[in-house]
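Below is one structure, written out as structure tokens, with a few remarks after it.
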Amino acid sequence: MYVTMMMTDQIPLELPPLLNGEVAMMPHLVNGEAAQQVILVQVNPGETFTIRAEDGTLQCIQGPAEVPMMSPNGSIPPIHVPPGYISQVIEDSTGVRRVVVTPQSPECYPPSYPSAMSPTHHLPPYLTHHPHFIQNSHTAYYPPVTVPGDMPPQFFPQPHLPPTIYSEPEIIPLYGMSSYVTREDQYSKPPHKKLKDRQIDRQNRLNSPPSTIYKNSCATVYNGYGKGHSGGSSGGGGGGSGGGPGIKKTERRARSSPKSSDSDLQEYELEVKRVQDILSGIEKPQVSNIQARAVVLSWAPPVGLSCGPHGGLSFPYSYEVALSDKGRDGKYKIIYSGEELECNLKDLRPATDYHVRVYAVYNSVKGSCSEPVSFTTHSCAPECPFPPKLAHRSKSSLTLQWKAPIDNGSKITSYLLEWDEGKRNSGFRQCFFGSQKHCKLTKLCPAMGYTFRLAARNDIGTSGYSQEVVCYTLGNIPQMPLAPRLVRAGVTWITLQWSRPEGCSPEEVITYTLDIQEDENDSHFHPKYTGEDLTCTVKNLKRSTQYKFRLTASNMEGKSCPSEVLVCTTSPDRPGPPTRPLIKGPVTSHGFSVKWDAPKDNGGSEIPKYLLEITDGTPEAGQWEVAYSGSATEYVFTHLKPGTLYKLRACCISTGGHSQCSESLPVRTLSLAPGQCRPPRVLGRPKHKGVHLEWDVPASESGCEVSEYSVEMTEPENVASEVYHGPELECTVGNLLPGTVYRFRVRALNDGGYGPYSDVSEITTAAGPPGQCRAPRVSFTPDGCVLVGWESPASPGADISEYRLEWGEDEQSLELVYHGPDTCFEMRDLLPAAQYCCRLQAFNPAGAGPYSELVHCQTPASAPDPVSTLCVLEEEPPSAHPDSPSVCLVLNWEEPCNNGSEILAYNIDLGDSCITVGNTTTHVMKNLLPETTYRIRIQAINEIGVGPFSQFIKAKTRPLPPSPPRLECAASGPQSLKLKWGDSNSKTHAAGDMVYTLQLEDRNKRFISIYRGPSHTYKVQRLTEFTCYSFRIQAMSEAGEGPYSETYTFSTTKSVPPTLKAPRVTQLEGNSCEIFWETVPPMRGDPVSYVLQVLVGRDSEYKQVYKGEEATFQISGLQSNTDYRFRVCACRRCVDTSQELSGAFSPSAAFMLQQREVMLTGDLGGMEEAKMKGMMPTDEQFAALIVLGFATLSILFAFILQYFLMK
């Protein structure tokens, strides 16, 4: 089969005609988007292509045909190929992509590789889904026939299938099945997980049937015949039509209750059970056309399909075929899944017993398997044997042997051995035919190679030929060859040639080994070439180096002796370029001297000759001329043109060749000095501090350009200095004195040097502004003013008209405070102890002079400023000020400006008193009256004097904290103490105004707080009996925490013994009984005794009959038919105080003396009476029931009240 799929980005203009016009695909082509692509599917003759039309129906196209289809997303649809085929995506030069499905080449796999097991070629991700293609979801896959044991099962490939109607796609081979997971176990149990998922899905479903049971599947299945068939019926869709189980489903309500959901689940389970029963009625398959490696299976639908439209299914969607080669009860593997009623099994093993059974599957419901049927494949020709092996050889004979291949059910009768008679590529001829597994060939040529191949034959036929193998006969060791001959020698290579040794036939294979000795110090030869050629080029050699070569010949029998040694030398290489020429000595107007060094790489030979070339460097003269040729490395040039640029380069010549030229060196000869310039002249008017000069270019006989000019100035003191040096014809000379005569002259400079100075020009500067004033003098007056005075500066050529004085706190804030002709000025209203600066500038008609130096000064200090912020700290930690806030106040203020003198102290005025404190911003006023208001103010003091007072503030002290109350013990118990303190009816403080802190002393003599609150009583629990405890108490109010009280010590009492259970009474012989009761251990060292009392008949008081430490007592002299009641209590006798503490009496135990004749009935009656008494509640139980009832009623009333209040 050969299917080609072509994809183009545009709609073809001429489409091939469709077969019978059955495929209505033109709407897709006409209405498609520009981004869509046209897919041309070529169907070959004898093939069938199935597609889904636009209306959902299936249409089959018989080949040959070319079907145009539209890809909406531009991707290639999936192509599922049959076994033994592969798909490839090919894009040609025109941009057309083709998916080619071709038979799988056997050369792509090693022997026995299961090439037919990959039904779907792994396509790219963009070939996954396409709406117009129907996926071949269920296909039969068969492994090839291989020799058992040639390849382990884990080497079978795991093919990847497209999504099917099952949860997990699988492909199962025929043998080597241990590496695959069976799918029969997936259907052996009911699908519990799917039932649970479907129960959840039914809650949200309205009218749709179950999605997995009633879903229609129209997958095209390949069944081994190479054609597609439409499987399934259109009536089995999910809408409930046809004969499928969907007919049973009725319309459901839009809203369902939990009861309807349970009924749906039960109905669904019954439906699944009915479908399984129908599918389980399938009969065993029929076997036909049994061959050696293939067989045809066919089967009929399940029997229940013909039971009417409501009793059966219209058509099962698919079938599964399971195969076993381990016997009837062996392990079965699924080898086919599809909708066809026939299956063609291929790639079976010849002469092998197989068992096969079939399942019917409807969506996810699978029926029971049919009865297995067995068959045996036919025998066939043997497998291809392995190549024969060489057992023995001589100069004229070869002995071969081989192993028998797999006979495939028919015994091997003979073997066919063929050879080429030693003639390469001349065909094979038979040299042995027989049943033996060895063969000896004689009368062969020595040292000759022969090619053999083997085939096996049985009664069925002849196998294929084995791989070819070449065997050689023995021969003689070659004679010593002649020494190799030199063909040609290069810089890094040498080509050698040699001839075959004497006595060797032309057919004999001779291998030559060329050895080389690279280092003269190393006497060993190393192999450089091994082969059958008669020539060799040895590369990667050193230049101008001597090497030694020798040759050795060898064949299958051994090596010859080495030949004579050939000595040859590689050629030298051409030298490298010399170094760049360098100037040696000074350069003159007509010549200079140059030198150069030999090249770093001489190429392996001496350099006998150097060439020095020169050019004048002009664009017109671009040709180099040889100025020197010889062995020297320096040369002197003469008779050159002045002021001309020349370029020099050097090269060398040796036996290796001509080197490259070195880098060029540019050299310019010196020019002649320029002539005398004309005197400089003033450009414009002279200024008071500078003049602008200009001059002309001097005349020059050499024609060289002037590079620079030098201007010299002579001052009135006859001091000469250079004021300009540069290429311009004008300059500005500054920093001159006003009204002063200066003399100037100029000279020119070029490559030849300086020319003579010009004649002198005398120039007078204009009058200038005043000079810089000296720093002004600053003095302070007694009234706090500042007097500034200064002296007049020099003013060349004009009188000073005014002075300007600038004043400020720093240089950036200077402001003009005075301008006029006076030489002093007084500053007022300045800040005390402040930094100020000033500067002075003088003016005349010519302009303003420079500023004087900046003068800094500081005004004298004064008394401090008033305190701006004064406050009372209300909350201050007690650790900082331990005094009570009732008798002290904590003042805090901000430090005022000290006006240049550090603050020494502060005066605090309280109205009737005044105190002085040091330089601080916090002070505690002590020894004040509680609950008193004070008016406070403060002033600062420094060395200059006292500053003004601040504003008054009012502050009030707090009341005194409360005193601790008296602590008393209201009640004491064995494990608790109830303490009380103070008077709860006191009206000294308002309710909730006082808080008490009660502390208990622990074993480490430390007091720990056990209560804090407004209450006047507290009960301390979990104490130890008869133990002393120490307490103290503290009261706290808004005024603060009061002091702790003195320590009070209270002791707990001793505990009484516990209440005992009712005693047990046992009747003894005669008129006596014995009473038993439980014991109590000694209590903290105090012994425990017991008191037994009895109530006789109708007496109203108990009488004591025993007191002691024993837990039993006997009473005699009792009267029959008389009621006795016994009770017991424990008594604790305190050793330290001799006090006796008695516990509560136990419940009474009744006893009546019985006669022996009625003991049995009496016992029974006693048991019933005891039961009745046990059912009656005791006093404690009755009290607990009453408390529980009241608590329940309280909680109920609380809930009712809360409900009505919230409403």
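Using N, Cα and C of the backbone, Cβ positions are placed for all residues, glycine too.
Features of the protein shown, as given by Swiss-Prot:
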| type | residues | note |
| --- | --- | --- |
| DOMAIN | 384-476 | domain 'Fibronectin type-III 2' |
| DOMAIN | 577-672 | domain 'Fibronectin type-III 4' |
| DOMAIN | 769-862 | domain 'Fibronectin type-III 6' |
| DOMAIN | 874-960 | domain 'Fibronectin type-III 7' |
| MOD_RES | Ser208 | phosphoserine |
| MOD_RES | Ser261 | phosphoserine |
| MOD_RES | Ser396 | phosphoserine |
| REGION | 184-213 | region 'Disordered' |
| REGION | 230-265 | region 'Disordered' |
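Close to Ser396 (phosphoserine) in the fold, though at least 6 residues off in sequence, lie Thr442, Lys443, Leu444, Cys445, Pro446, Thr473, each with a CB less than 8 Å from its CB. When Cβ atoms from all protein chains are considered, those within 10 Å of Ser261 (phosphoserine) total 15, not counting its own. The DSSP secondary structure for Ser261 (phosphoserine) is helix. Mean pLDDT for the domain 'Fibronectin type-III 6' (769-862) in this predicted model: 89. DSSP places the residues of the domain 'Fibronectin type-III 2' (384-476) in helix, strand and coil in these numbers: 0 helix, 42 strand, 51 coil. Helix first, then strand, then coil: DSSP counts for the domain 'Fibronectin type-III 6' (769-862) stand at 3 helix, 41 strand, 50 coil.
Mapped onto DSSP classes, the domain 'Fibronectin type-III 7' (874-960) shows 0 helix, 35 strand, 52 coil. Note on the domain 'Fibronectin type-III 4' (577-672): DSSP counts are 0 helix, 40 strand, 56 coil.
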